[in-house]
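First comes the structure, then the notes that go with it.
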Amino acid sequence: MPYFLRLLLLLFYLILLVESRNPRRRSWSGQLEMPRLSHLYKKTHDITKLQKGKTEQLLRVDEHDFTMRPAFGGPAIPVGVDVQVESLDSISEVDMDFTMTLYLRHYWKDERLSFPSTTNKSMTFDGRLVKKIWVPDVFFVHSKRSFTHDTTTDNIMLRVFPDGHVLYSMRITVTAMCNMDFSHFPLDSQTCSLELESYAYTDEDLMLYWKNGDESLKTDEKISLSQFLIHKFHTTSRLAFYSSTGWYNRLYINFTLRRHIFFFLLQTYFPATLMVMLSWVSFWIDHRAVPARVSLGSTTVLTMSTIITGVNASMPRVSYIKAVDIYLWVSFVFVFLSVLEYAAVNYLTTVQERKERKLRDKVPCTCGMLHSRTIMLDGNYSESEANSLAGYTRSHIVTDEEKQEKIVVHLALSDESNTSRKKGLKGHMGLRIIQNTHVIDKYSRLIFPIFYIFFNLIYWSVFC
């Protein structure tokens, strides 16, 4: 019996041994058999990514005091900066500022954040870790308002490398002041700058610099503005001194803008020029058409005043003269002079008519004078027409029934009177322009356009 039991135990042991070596019998253990991965799907994992525990424990955040800068007590920590301009949103002449959206990136080394890694791969974090470590306190000098984008989360990225190098990037929209000079407006070009500086750390603790020189500033090729042409982007850097705190490194993002002139040609220069030309139409209108010439002059003056007011309403109240002011005010003076020209014409015409009326009232008597001839003249006849009728008598001109409708003018013609008249004409040639109002309009038709064209040539040659 014991021999028989021994045999059964031996057989049972052999069966168990065979079943344990057979792979088809593993399903009883409850473990699923995983298929073997081919070499194409093999991936070497970084030990730091598989290590259990919090990221702060891997970076040893709790073991260091990150309120102090890296290498505190030693030389200044270099912090490289590069910027990618996403958009130049607006330029305001009234507020004298600009709005820009950009990606601001900082590069520095903090050995306190170094960690072991077999593949030298970096770790990327969002803005939640930024609040627990040291980051540069860079701010925008002369900024009016700025904010970090937070849709859908804070647009902040932190990338840490095993050797302790850090990349800190954020997306910011900033509105900063720009000192503009409008002396050549709207034929001007403006240069604005966005300034970056550390708020607390002087150049002895933190050294800001452009990481790749001029290549540190990148711009989107699609950036465009309605009124300006972006002419140039470039970077500069210098030291800024504050009497109470010391010297600081300051970085500048400079860009030059050239204004589009075509909009102002259509809205300002062409209307002003047309108003000046319209005021010249009055020189071709008869001086006796008082309502036509007065209404034309008033319309052009009021229109020029409206143009000047509209241009100045959209501009800051500067204490110097702008280029557009020179053009508009000179045009306004030309329009105003055309009104004064008609006032002078109307006044001289009235004076001349008054003199002729007095001359008709004081006609000398020709009784007892030899070689005198009497003719009947209508009140509208001129002196030349009267001279041409000097050989005719009263009976040849009018009848007795027309005596009440005519004016009797006695012309005493003698050799002495003819000689004195010729001398008087030679001596008063300079007064004929004043006495003949039509000559004033004739000369104005030439003088006004010539002077205005000459002004335009000087203006555009100087300001362009």
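Cβ atoms are placed via backbone N, Cα and C, with glycine included.
As annotated by TrEMBL, signal peptide applies to 1-20.
Feature annotation from TrEMBL assigns domain 'Neurotransmitter-gated ion-channel ligand-binding' to 57-260.
Here the transmembrane segment (261-284) has long-range neighbours at 186-187, 227, 292-293, 296-297, 299-300, 303-304, 307, 311, 324, 327-328, 331, 334-335, 338-339, 341-342, 441, 444-445, 448-449, 452, meaning same-chain residues at least 6 beyond its ends whose C-beta is under 8 angstroms from one of its own. Residues or ranges marked as transmembrane segment in TrEMBL: 261-284 (among others).
Per TrEMBL, domain 'Neurotransmitter-gated ion-channel transmembrane' is recorded for 268-460.
Marked as transmembrane segment by TrEMBL: 296-314 (among others).
What TrEMBL records for 326-348 (among others) is transmembrane segment. Long-range contacts of the transmembrane segment (326-348) within the same chain, counting only residues at least 6 positions beyond its ends with a Cβ under 8 Å from a Cβ of the stretch, are 268-269, 272-273, 275-276, 279-280, 282-283, 287, 290, 293-294, 297-298, 300-301, 304-305, 307-308, 311, 434-435, 437, 440-441, 444, 448, 451-452, 455, 459.
Positions annotated as transmembrane segment by TrEMBL: 446-463 (among others).
For the domain 'Neurotransmitter-gated ion-channel ligand-binding' (57-260), the predicted model reports an average pLDDT of 90.
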